[in-house]
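Heads up, the thing below is written out as structure tokens.
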Amino acid sequence: MGAGSSTEAEREPLLAPSHPEADSPPVNSRVYGRRWLVLTLFSLLALMQGMVWNFWGPIQNSAVHALGFTKSDIAVLVLWGPVGYLPWFLFMWLMDKKGLRASLLLSTFFMLLGAALRSFPLTDQPLRRWLIHGGQLLNGLAGPTIMSAGPLLSTTWFAPDQRATATAVASLFCYLGGAAAFVVGPLVVPAPTHPGGNRGELAVVAVLFSAVLALLPVSPPMRPVLRLRAMRLGYRSSTLNLRFLMIALAYAVPTGVWAGWSGVLDMVLTPAKVSQVDAGWIGFWSTVGGCVFGVAMARFADSIRGMLKLILVLMLAGASLSSTWFTLTCLSRVTHLPSTAAILYTSCILLGIFINSSIPIFLELFIETVYPVPEGITCGVVTFLGNLVTGLLLFFLTFYCTDVSWLNWCLTGSCLFSLVLILFFRESYDRLYLDVFVSV
């Protein structure tokens, strides 16, 4: 099941059944129709959290004229997302000990409070700017759970042949929200008018908070897969090993750079004389394409289990070629390559498709690599690293925002770096082994 599978000796500690007798009565396992309700609620929360995080980048020109923001201020507003990840371990502990419902309730409460702060109709612009910053930080505090809980949700509620697909939907809706901001922002706030109207956002988040409170179950009565009792490894011994660090960096570097780069895409495309609205549409289609293609590839991965590394190699190779094409096109004065709107659209959209669609495949491979570490902890570590990369990129952007062409080179280098790491990565599928070969 893939190159370099773990050996029987490596799997031995995992196979410790609590009732080894041959005549032990079978324990039932099943899936429930309400799993689609759980997935829908989670996906809508992720959509709103991603939309709020990316709201200010696509309307930077309007924010500058209406609220007196500078380009550095816009970078800081986007930076609050990664900053909200600093207490990530507390959220992962809550997810591991109290479950998905408690974690989502806390995250949704942060989103609700943040939306309320941004909705105050103040005429005092300095105070309003502080409230906007505070609201963005509170929205960022919802990020650790929203971006990490997808694999936990899919493992808890979905069968193995639907798990990668459920992970893809849950993890990509946050990025779909970021894509929606590219369109909603410029359409609702045409440059350079006053960027307001957050009360609709407050109403939507309030409805979602009520839905989670009233409808989200703690857990299914029976798990979708009957697993033998597995020895839980310590978090440090399971994550601080070479194989995990390789794949964690392969994920964190390109996705972190992409998140920061796409958050200021209007700023990146301004030197190419691309309007705010056109930049919004480019960002929208690049992310939507990645989400749609990501779900399709996850469904494909469900049908040919054990080929996650090969899928990632193909995606990262495509991302490397697309990012190189885009970077050289933006340097048309030096490279003399044709620089048209169609070329910018095509290269940027392909880049978004390849990077965004790799995210659920990465998350599934993380779980397989360090199983039986809890899913929330594993994905919490790697998404924290991705947000750390995004934060560092945006931090430097606050100082070097005059010429942002260096962002394109960072994106190209990150894709090539990730491709090299994945090529040398040795995959294993311990969780899949238990699900498919032992549980039956």
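Yeah, the Cβs are placed from backbone N, Cα and C, and that goes for glycine too.
According to TrEMBL, the region 'Disordered' annotation covers 1-27.
TrEMBL lists 36-56 (among others) with the feature transmembrane segment.
Sequence-distant contacts of the transmembrane segment (76-95), counting only residues of its own chain at least 6 positions beyond either end whose CB sits under 8 Å from a CB of the stretch, comprise 53-54, 56-57, 69, 102-103, 106-107, 132-133, 136-145, 148-149, 152, 259-260, 263-264, 374, 376-377, 380-381, 383-384, 387-388, 390-391, 394-395, 398. TrEMBL lists 76-95 (among others) with the feature transmembrane segment.
According to TrEMBL, the feature transmembrane segment maps to 102-121 (among others).
Summarising the annotation, TrEMBL assigns transmembrane segment to 141-159 (among others).
The feature transmembrane segment is assigned by TrEMBL to 166-189 (among others). Long-range contacts of the transmembrane segment (166-189) within its own chain (CB-CB distance under 8 A, at least 6 residues past either end) are made by residues 35, 39, 42-44, 46-59, 62, 146-147, 149-151, 153-154, 157-158, 195-197, 262-263, 265, 276-277, 279-288, 290-291, 294-295, 297-299, 356, 359-360, 363-364.
TrEMBL lists 201-219 (among others) with the feature transmembrane segment. Below 8 angstroms of C-beta separation, residues 34, 37-38, 41, 44-45, 48, 52, 99-101, 104-105, 108-109, 111-112, 115-116, 118-119, 156 of the same chain, each at least six residues beyond the ends of the transmembrane segment (201-219), sit close to that stretch.
Here the transmembrane segment (240-261) has long-range neighbours at 78, 81, 268, 312, 316, 319, 351-352, 355-356, 358-359, 362, 365-366, 369-370, 381-382, 385-391, 393-394, 397, 407-408, 410-411, 414-415, 417-418, 421-422, 424-426, meaning same-chain residues at least 6 beyond its ends whose C-beta is under 8 angstroms from one of its own. The transmembrane segment annotation in TrEMBL covers 240-261 (among others).
For 281-298 (among others), the entry in TrEMBL reads transmembrane segment.
Among the features that TrEMBL reports, transmembrane segment is placed at 310-328 (among others).
According to TrEMBL, the transmembrane segment annotation covers 340-367 (among others).
The transmembrane segment annotation in TrEMBL covers 379-400 (among others). Within the same chain, residues 72, 75-76, 78-79, 81-83, 85, 88-89, 91-92, 95, 143-144, 147-152, 239, 248-249, 251-253, 255-257, 259-261, 263-264, 362-363, 366-367, 406-407, 410 sit at least 6 positions outside the transmembrane segment (379-400) and bring their C-beta atoms closer than 8 Å to a C-beta of that stretch.
Per TrEMBL, transmembrane segment is recorded for 406-425 (among others).
Here the transmembrane segment (36-56) has long-range neighbours at 63, 69, 74, 77-78, 80-81, 100, 104, 107-108, 111, 114-115, 136, 139-140, 142-143, 146-147, 149-150, 153, 157, 166, 169-171, 173-182, 184-185, 201, 204-205, 208, 211-212, 215-217, 262-263, meaning same-chain residues at least 6 beyond its ends whose C-beta is under 8 angstroms from one of its own. Remark: the transmembrane segment (141-159) contacts the transmembrane segment (102-121), by the rule of 3 or more CB pairs under 8 A.
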